[in-house]
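Before any comments, here is the structure.
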Amino acid sequence: MTSFISAWIWSERFWLPENVSWADLERPPAGVEYPRLQHMLCHAFPLAVGVLLFRLLFERLVARPCARILQIQAGAPRRVQPNAVLERLYQSNTVHKCPDTRQLEGLSKQLDWEERKIQRWFRIRRNQDRPTTQKKFCESMWRFTFYLVIFIYAICHLWVSPWMWDTRQCWHNYPFQPLSPGQYNYYVAELAFYWSLMVSQFTDVKRKDFMIMLVHHLATIFLITISYGNNMLRAGTLVMCVHDASDIFLEAAKLANYAKYQRLCDSLFVVFSISFFLTRLVIFPFWIVYSVLFESWQIIGPYQAWWLINGLLLVLQTLHIIWFYLIARIAVKAIFKGKVSKDDRSDIESSTDEDISANGSKNCQTSKLRDSNHTGVLNGETHDH
């Protein structure tokens, strides 16, 4: 049964062009090596653990000292008065974290508290869960460092690769293309990084799009894995390099935002918007997708996995267009209003107790509207891979 399922998943008719088998890829000529998925996975999983450990050391020994130099303090939030009834309701309401009008009246009678006091309790409790600026700074500095290093490595590898300058080289003699050490290292590093994000997502700053990001990381891991398994490495390295480029400026803009260098933040965000447009809406569709869609058709012809991969790339390009629309709106505000707005994915409010009005649960409703109306990406995790 297991062998049947394995044969069905790794069907040669689906993953490989006509008249090519997995056995052909397992017997390369002397001095040549083809990608073997099990070899990469054996290195990627342990490396992902190493990446997690290295990140902890990096944040403790590098990012936190940098945050202190920039006077970004951790800051201990004010603690609420312990109350089992209110805490149970707070934990059960995972969306808004505040009681509605009916619940507020019931709690006031049950606890013999004024409604204003209950509102204040929930406001302080929400702020308790709010991640500190220093924590978000450390996360962004880690991502900025990774994207910068991996992008420089990719450029150094691709600059001397013929398929960077002539994308038709991605398909000549496909899939019998030798695996280079640069390709292997790049793929293992990217796969290990995204496996580490799968784990660290549960401890990083929580956002409203937690499940979306979980699906995103799984899809990224799936694409990296299948492109390595069927030796589509040349096109795969181009796709990863293009996507890493703009993320460098996004994380840099976040760092400037957390350090309260607003003009630098706005400038970096505009640079990010321009780089996103050039890499995701110009280079990616008209250079890479064009090659995978049309040049590969001319040189090797379509096969079943070809349709799947091109379909995923077109879906990704659709997401790029949607994301750029949202990014452009923020960039326009940064240019004409002089300040990048907040992130609507921030679940926890930052308002102080003095913001609380005496108008019952209207305060909670105002908070929800305020959270849902602020748009942006600078206070949260980048999601545009």
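Quick reminder: no glycine exception, Cβ is built from N, Cα and C everywhere.
As recorded in TrEMBL, the features of this protein are as follows:
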- 88-133: DNA-binding region (DNA_BIND)
- 358-367: compositional bias 'Polar residues' (COMPBIAS)
- 135-336: domain 'TLC' (DOMAIN)
- 344-385: region 'Disordered' (REGION)
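Taking DSSP states H, G and I as helix and E and B as strand, the DNA-binding region (88-133) has 31 helix, 0 strand, 15 coil. In the predicted model, the DNA-binding region (88-133) shows an average pLDDT of 78.
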